[in-house]
Amino acid sequence: MHPRFQTAFAQLADNLQSALEPILADKYFPALLTGEQVSSLKSATGLDEDALAFALLPLAAACARTPLSNFNVGAIARGVSGTWYFGANMEFIGATMQQTVHAEQSAISHAWLSGEKALAAITVNYTPCGHCRQFMNELNSGLDLRIHLPGREAHALRDYLPDAFGPKDLEIKTLLMDEQDHGYALTGDALSQAAIAAANRSHMPYSKSPSGVALECKDGRIFSGSYAENAAFNPTLPPLQGALILLNLKGYDYPDIQRAVLAEKADAPLIQWDATSATLKALGCHNIDRVLLA
C-alpha cells in the first residue's frame, strides 16, 4: 500500500478495509475502481453507491498535494462506464497560484484522460468553488451532472450554477469528454509521440491552440495530459496539469520525472511553453523539449 493511504485506510470500517486491502496492496494502485470492483465493495459492505463513494473520499483526499494550504480535498468522478476515478487538489511550490489544480478538475481529468466518455456524478468532500462549477459546465454531461456532498441531498450542477454561462452560449457543439482527434501526425520518439497524441485530444474550441504534455519517469512510465479549455477561459486546465494529475494519482512523485515534452503549434494564438517549462523547473525537471505540431 502506498504510504499516503495508511492513515485514511486505518479509519475506514472494518468490512471496507478487508474488501479494499487487496486492491490497495499495490504501491501503484491507479486511484480508480472498475465497475466490478465497485460492485464487489458494495456487496462486502452493504453500502449503496452514494454511501460507498462518501466512505472512499478520505482515500481520494489522501492523494492531495497541498504544501501551501494544507487543505486536502478529495473527489470521486463516477463514469458512465461504471468506473470511479479519484481526484485531489494539487499546489506547486515555486510556481504561481494559477497553476493550482482543484480536486474536481483532478477527478474529471483523470476520467477524461483514461478514456471515459461521460460522467454521471461527482462526489466531493467540500462544496465545489465557483471555479470548479464553471469547469464542470464544460462537460458533455452539462448541467445535469449530479453533485454529491456530505450531509446534503444530491443536486444537479444546474442547482449550483444558476443562470449558467457555458459553451452553448458560444455555439460550441463539441464538449469536454466528447471524442476528438485533431489529426496531427505522430512523429519522433515515444515521448514525443505521446505528447502529440495528447495534443490531438485537446479540447480547445475557443483559441484553436492544441497542446499536449508527456512526462517520462525514471522507470519508463509515461503520463500524458491534454489541454482542456473552458468557456469562461480562466478555469481552463493546461496540459501539464493533466499529466501531473495522472502522475500523482498513479503513485509517482515529481522527482520521478526524468524528461518532459510539450507538443504545440508554433503559430498558435496561445503558447504553453513558458508556463510549462517554468512549472516543471519549479518541480525539479530541467530536461524539457518542445515539438511543433504540423
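Using the three backbone atoms N, Cα and C, a Cβ is placed for every residue, glycine included.
Small disclaimer: the values here were computed from a predicted structure and weren't measured.
Helix, strand and coil counts under DSSP for the domain 'CMP/dCMP-type deaminase 1' (48-168) come to 43 helix, 26 strand, 52 coil. Taken from Swiss-Prot, the feature domain 'CMP/dCMP-type deaminase 1' covers 48-168, and the record attributes it to sequence analysis.
The feature substrate binding site is assigned by Swiss-Prot to Asn89, Met90, Glu91, with sequence analysis given as support. Other C-beta atoms found within 10 angstroms of the C-beta of Asn89 (substrate binding site) number 24, with every protein chain shown included.
If you take the C-beta of Cys129 (Zn(2+) binding site) and look for same-chain residues 6 or more apart in sequence within under 8 angstroms, you find His102. Swiss-Prot lists His102, Cys129, Cys132 with the feature Zn(2+) binding site, giving sequence analysis as the kind of evidence.
Shown in sequence order, Ala75, Ala77, Gly87, Ile122, Val124, Pro128, Cys132, Phe135, Met136 are the residues of the chain, 6+ apart in sequence, with a C-beta less than 8 angstroms from the C-beta of Glu104 (active site, proton donor). The annotation active site, proton donor is assigned in Swiss-Prot to Glu104.
The annotation domain 'CMP/dCMP-type deaminase 2' is assigned in Swiss-Prot to 186-294.
Just so you know, the Cβ of His102 (Zn(2+) binding site) picks up 22 other Cβ atoms within 10 Å once every protein chain is counted. Taking the binding-site residues Met90, Glu91 in turn, the residue surrounded by the fewest other Cβ atoms inside 10 Å of its Cβ turns out to be Glu91.
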